[in-house]
Amino acid sequence: MRTAYSVETVRTAERVLMARLPEGALMQRAAAGLAAACADLLGRVYGSRVVLLVGSGDNGGDALYAGARLARRGAGVTAVLLTPERAHAGGLAALRRAGGSVAAAGAGEGLVAGADLVVDGIVGIGGKGGLRAEAVPLAEAARRSRAAVVAVDLPSGVDADTGQVHGAAVRADLTVTFGTHKPGLLIDPAREYAGSVRLVDIGLELPDGAVLEALQHADVARLLPVPAVESDKYRRGVVGIAAGSARYPGAAVLAVSGALRGGAGAVRYVGPAGDAVIARFPETLVSDRGPKRAGRVQAWVVGPGAGDDAGPVAEVLAADVPVLVDADGLRLADPGAVRRRTAPTLMTPHAGEAAALLGVSREEVEGARLAAVRELAGRYGAAVLLKGSTTLVAGRDGGTVRVNATGTSWLATAGSGDVLSGLVGSLLAAGLSAVDAGSAGAYLHGLAGRFAADGAPVGAHDVADAIPGAWRDVRGVG
Ligand SMILES: NC(=O)C1=CN([C@@H]2O[C@H](COP(=O)(O)OP(=O)(O)OC[C@H]3O[C@@H](n4cnc5c(N)ncnc54)[C@H](OP(=O)(O)O)[C@@H]3O)[C@@H](O)[C@H]2O)[C@@H](O)CC1
Ligand SMILES: Nc1ncnc2c1ncn2[C@@H]1O[C@H](COP(=O)(O)OP(=O)(O)O)[C@@H](O)[C@H]1O
Ligand SMILES: [K+]
């Protein structure tokens, strides 16, 4: 499990550790890790041209001490000081002792243009708002240059706690972060600015209560239902799919295609697209009698391609089993009925649907995903999975939010969300909690998207076909 903590928690842990260590020891640990990452990226340190962008806080101090280490190994290191009178004094002295030089901000753009490596130590967890005006031309020069850009702790200008980006920010190829991931490194849009992320252990001890957690293969493998020797289809769980319409029969087929690969023992389909479903998946149990009279299920999925028929949504919400509400179902669901439910409910909007539910613009949701997913979970008293390049899953009672980034932008294809809804519904029927089903399902779905696409466009049905391969990869079998 990868975790991310708030700035406040990091500061507290830092204080505790600093009280036990000699002065400056923590910064030396950070600088050593940073210098090692820079050296790995450069390949050959001796003779390379390194430019440090140095702000007025400890983030700049990290950059200066790391620069001193690189200078001792033969790099030509120049520090560009944004506020010379406030640059970290110890770091500056160390750089000078090691043979590095110092330049004023005015010379920065030219230096950046000719560098092999730019180290962004403008601002870290002490940052407020986007980059200040004096730093913007340097960030832009770094973007234009052919130099590799390494961000210290965070790309300067992104919000550490939320992943929001207000105005200009540094775009890094690599971010070297200290002690723990920060939420902004795992949530778009900030995540995209961070490039790949390397975590340096500086000995911080962090409490329970991470802001975010990201499942890894081993975590998902532990969650996935595997039939016991004496299992039968009913013990594995039956998932009901109430989806599709005369206009959108394909949504029903795709939701069923995901559900069949999700671990339930049987898939029951209810709705007007039974013929299309049976033609593609003869193993489906089909009924046109409405959810209430369709027979028992252990979880329902309602909404994909449902059109304007609110009846099945209301029937499903009245059932005392876990329910996943997606697509048209989100619009058709009575919020009061969702809030009154005692069995788990999982809502799975994309940013546009979340925006409609919250009464804000799509851009607002995309710019502040963490706030949006928490707000929806609170308003509806339900778990919420907010789809996108970094999918977030919030539980109904707040707490740690799960983030998934296994996906690929090739998944931005019509119907791939329908596949996800069936897959997650199946995991719910197999007995996973709403948050576990949502996050494990998003993980598998993202991986399946990667396997199916492999660098080329794919349709949603290809993603469904790749789900078994994703399961095998996660479980380390086959
Ligand atoms: N925590 C840990 O465990 C460890 C932390 N370590 C390191 O310390 C870093 C935190 O250092 P920090 O607290 O000195 O703050 P920092 O990020 O340098 O920024 C403050 C300065 O930036 C300025 N500034 C603010 N906003 C700005 C903006 N938008 N654009 C431009 N400038 C802006 C602000 O200026 P002011 O408002 O005062 O004018 C202030 O002077 C942390 O990220 C990590 O690298 C490691 O060394 C060891 C372990
Ligand atoms: N840029 C992206 N990167 C990764 N995954 C994405 C991206 N865009 C969309 N996805 C994923 O693709 C799926 C699209 O779902 P959705 O928007 O509901 O599509 P549809 O309604 O056509 O089925 C979601 O699982 C979402 O997380
Ligand atoms: K930085």
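Each residue, glycine too, has its Cβ placed from N, Cα and C.
No curator has checked TrEMBL annotations; they are predicted automatically.
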Listed alongside N59, S156 for K(+) in TrEMBL, from D116, D120, D188, is D120
Of G359, G417, G422, the one that TrEMBL places in the same AMP site as K387, G388, S389, T390, T391 is G417
Of N59, G61, S156, K387, T391, the binding-site residues whose C-beta sits under 6 angstroms from any atom of ligand 3 are N59, S156
Within 8 Å of the Cβ centroid of K387, G388, S389, T390, T391, G417, the other same-chain residues by Cβ around the recorded AMP site are H350, A351, L386, L392, N404, G407, A442
If we take the residues K387, G388, S389, T390, T391, G417 that the record assigns to AMP, their largest CA-CA distance in Å comes out at 14
CB < 6 Å to ligand 2, subset of binding-site residues I125, H350, K387, S389, T391, G417, seq order -> H350, K387, S389, T391, G417
Distance filter, Cβ under 6 Å of ligand 1; input binding-site residues I125, H350, S389, T390, G417; output I125
For D120 (K(+) binding site), the three-state DSSP class is strand
